[in-house]
Amino acid sequence: MDFLKPSRWALDKQRPSKFGPSSRWSNHDMDPVLPEERTWTTWDFIAYWISDATNAAVWQLASSMLAVGLSWRQALPAIAVGNTIIAIVMVLNGTIGARLHIAFPVINRSSFGFWLSYFSVVSRVVLSMFWFGVQTFTGSECVYQMLKAIWPSTANIPNRLPESANITTVGLMCYFIYWLIQFPLMFVSPQNIRHFFTVKGIIVPIAWLSILIWSFVKVPAKTSLDPLHTNLHGSALSWAWLSALNSALGIYATLAVNIPDFTRYAKNERAQFVQLIVIPVAFTLIGFAGIAVTSAGEILYGEILWDPLRLIDKWDNRAAAFFASFSFILATIGTNISANSLSAANDMTVLFPRYINIRRGQVICAIIGGWVLCPWEILVSAPGFLSFMSGYTVFLGPFAGIMVVDYWIVHRCKVDVPAMYDPYGRYRYWNGINWRVALALLLSITPTLPGLINNINPKIMVGNASFLFNVAWLYGFFSASGVYLILSKAFPARETFMEEAILGDDVAADASIEESSSHDVDEKDKSLVLTSMAPEE
């Protein structure tokens with residue numbers, strides 16, 4: 001039973017952290033990325049975001065806006081505006097990772113304080129695991145369509161599960177198959193997973209363009225999208241649009257916080273600037289494709305099929321259904337690994353650095369996010385999906401806003417990277433807690449909680465407080481960052497201010513020089529000893 005002992009699961013001590021005072025605080029995966037491991041170029045970031053944009057969740061988000069009453073002319077601007085805002089925040093926070101070469105959980109210590117940073121890290125772990133489950137469920141639908149295209153009798157497998165389970169026997173089987181397909185890819189390192197994004201970024205857009213062309217060909221030429229789904233007016237339309245905007249912000253609000261987990265591998269900080277363009281363009285185009293195909297589905301089949309897999313399910317062409325489903329499988333796997341399992345793994349590495357590295361963290365995410373949580377409960381309806389998207393932006397908006405203001409305005413880019421690994425260093429603040437951040441979070445999150453409660457259970461009436469929830473991300477971002485900035489100016493944490501930044505590369509260079517000097521001294525000492533031992537002539 002030795003394998004049950006924690007000591008048997010401790011990480012290899014041959015690769016310890018060079019920055020953490022002990023394995024309790026850090027490990028090799030959390031150290032600043034070494035120069036030779038900074039492999040991501042501009043093209044890799046383009047491929048990454050094309051890869052992430054081409055996933056079923058983005059398609060579902062756009063088309064589900066039609067399901068709640070918006071027209072395509074109303075939904076598309078919400079997607080474009082939301083992703084433009086996210087792109088700006090993504091580049092601001094991404095530059096921190098590209099410049100310092102450290103992950104989000106470590107960066108967060110400089111603003112939140114060493115111990116309070118664990119609050120945001122734990123929140124991110126939970127969100128990543130939920131998203132992992134959602135994407136895995138979507139992938140299982142793709143597997144079902146592929147199996148049904150090959151063996152139509154798959155649709156006739158009897159269901160042995162109760163209706164309350166919200167999943168069928170064949171659905172659970174397909175879920176398990178998809179989970180097994182994506183699991184081995186989690187062992188690919190962050191430096192090398194970029195090649196998978198490149199492949200996905202080429203194949204999937206071609207497949208989805210084919211689906212879009214199909215929708216244009218099938219629908220009569222004189223058919224217009226204008227009359228479709230415009231059943232909201234006045235204030236109801238305004239709040240529905242704001243809710244859609246908040247959902248567009250929420251779908252990748254997680255990465256707006258932890259984008260340093262990926263930009264830390266950039267060859268230089270300029271490589272990730274392309275996100276400012278590629279994110280709004282790619283996501284808006286995919287949103288248009290989702291809206292157009294969903295609208296075509298309503299005309300052809302008489303119902304709003306906001307889930308693209310339900311649309312594919314109605315196709316008679318088995319070959320087309322197979323290849324379309326395959327493209328969605330490829331799309332979902334790439335997004336699930338890059339945006340969810342890797343993010344959760346980075347966070348868990350900080351929580352348990354002695355026992356968990358990035359590889360082990362992904363395995364834990366696959367088990368908890370894939371099975372312990374029940375993702376099929378989230379995707380039972382379009383409003384439910386939007387509620388999930390909007391719900392967690394209550395926390396992510398404040399996190400992102402505080403990160404931006406702390407690095408760019410409060411500390412003016414002058415931070416001490418080695419101190420972020422020291423629980424008793426300059427970022428300890430008050431007992432490891434930056435009370436300014438705590439107060440900013442309290443004041444920004446609390447007003448949105450009644451709306452969140454009402455969103456979860458509409459029977460609980462909260463009056464006009466529910467409207468604030470419709471702009472939760474924007475409200476949280478600006479209110480938290482504003483309060484934090486005011487408190488930091490009024491009550492500055494002077495121990496955290498510096499004349500110049502201290503980067504991980506500076507420390508590594510100093511250590512290299514010190515080691516070289518030590519080696520030279522050893523050689524000189526050795527030479528003196530040999531000289532003294534030489535016989536006199």
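All positions are counted from 1 along the displayed chain.
Note: Cβ is positioned from N, Cα and C throughout, glycine not excepted.
Same-chain residues lying 6 or more positions outside the transmembrane segment (75-100) and placing a CB less than 8 Å from one of its CB atoms are 32, 61-62, 65-66, 107, 241, 244-249, 252-253, 255-257, 259-264, 266, 268-269, 271-273, 275-277, 279-280, 283-284, 287-288, 291, 400, 403-404, 407-408, 413, 415, 417, 474, 477, 503-504. For 75-100 (among others), the entry in TrEMBL reads transmembrane segment.
For 112-134 (among others), the entry in TrEMBL reads transmembrane segment.
Marked as transmembrane segment by TrEMBL: 165-185 (among others).
Per TrEMBL, transmembrane segment is recorded for 197-217 (among others). Within its own chain, the transmembrane segment (197-217) is flanked in space by residues 43-44, 46-48, 50-51, 54, 286, 289, 292-293, 295-297, 308, 320, 323-324, 326-327, 330-331, 333-334, 338, which lie at least six positions past its ends and keep a Cβ under 8 Å from the stretch.
As annotated by TrEMBL, transmembrane segment applies to 237-255 (among others).
The annotation transmembrane segment is assigned in TrEMBL to 276-301 (among others).
Residues or ranges marked as transmembrane segment in TrEMBL: 321-342 (among others). Cβ atoms under 8 Å from those of the transmembrane segment (321-342) belong to residues 48, 51-52, 54-57, 128-129, 131-132, 135-136, 138-139, 141-143, 145-146, 148-150, 178, 181-182, 185-186, 188, 190, 193, 196-197, 200, 203-204, 207-208, 210-211, 252, 254-255, 261-262, 308-309, 312-313, 315, 358, 361-362, 365-366, 369 of the same chain, restricted to positions at least 6 beyond its ends.
The transmembrane segment annotation in TrEMBL covers 363-386 (among others).
A Cβ distance under 8 Å defines the sequence-distant neighbours of the transmembrane segment (392-410), meaning residues of its chain 6+ beyond its ends; these are 89, 92-93, 96, 107-108, 110-112, 120, 123, 127, 130, 246, 249-250, 253-254, 256-257, 437, 440-441, 444-445, 448-449, 452, 469, 472-481, 484-485, 488. Marked as transmembrane segment by TrEMBL: 392-410 (among others).
Below 8 angstroms of C-beta separation, residues 111-113, 115-116, 391, 394-395, 397-398, 402, 460, 462, 465-470, 472, 475-476, 479-481, 483-484, 487-488, 491, 493 of the same chain, each at least six residues beyond the ends of the transmembrane segment (433-453), sit close to that stretch. Annotation comment: TrEMBL describes 433-453 (among others) as transmembrane segment.
What TrEMBL records for 465-487 (among others) is transmembrane segment. With a threshold of 8 Å between CB atoms, the same-chain residues lying at least 6 positions outside the transmembrane segment (465-487) that come near it are 85, 89, 239, 242-243, 245-246, 249-250, 253, 390, 393-402, 404-406, 409-410, 436-437, 439-441, 443-445, 447-448, 450-452, 454-455.
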Outside the transmembrane segment (165-185), six or more residues from its ends: residues with CB under 8 Å to it: 136-137, 139-144, 147, 154-155, 157-159, 193, 196, 329, 332-333, 336-337, 366, 370-371, 374, 376-377, 380
Close approaches to the transmembrane segment (237-255) from elsewhere in its chain (Cβ under 8 angstroms; 6 or more beyond its ends): 52, 57-58, 61, 65, 68-70, 74-75, 78-79, 81-83, 85-86, 90, 124, 127-128, 131, 279, 283, 339, 343, 386, 389-393, 396-397, 400, 467, 470-474
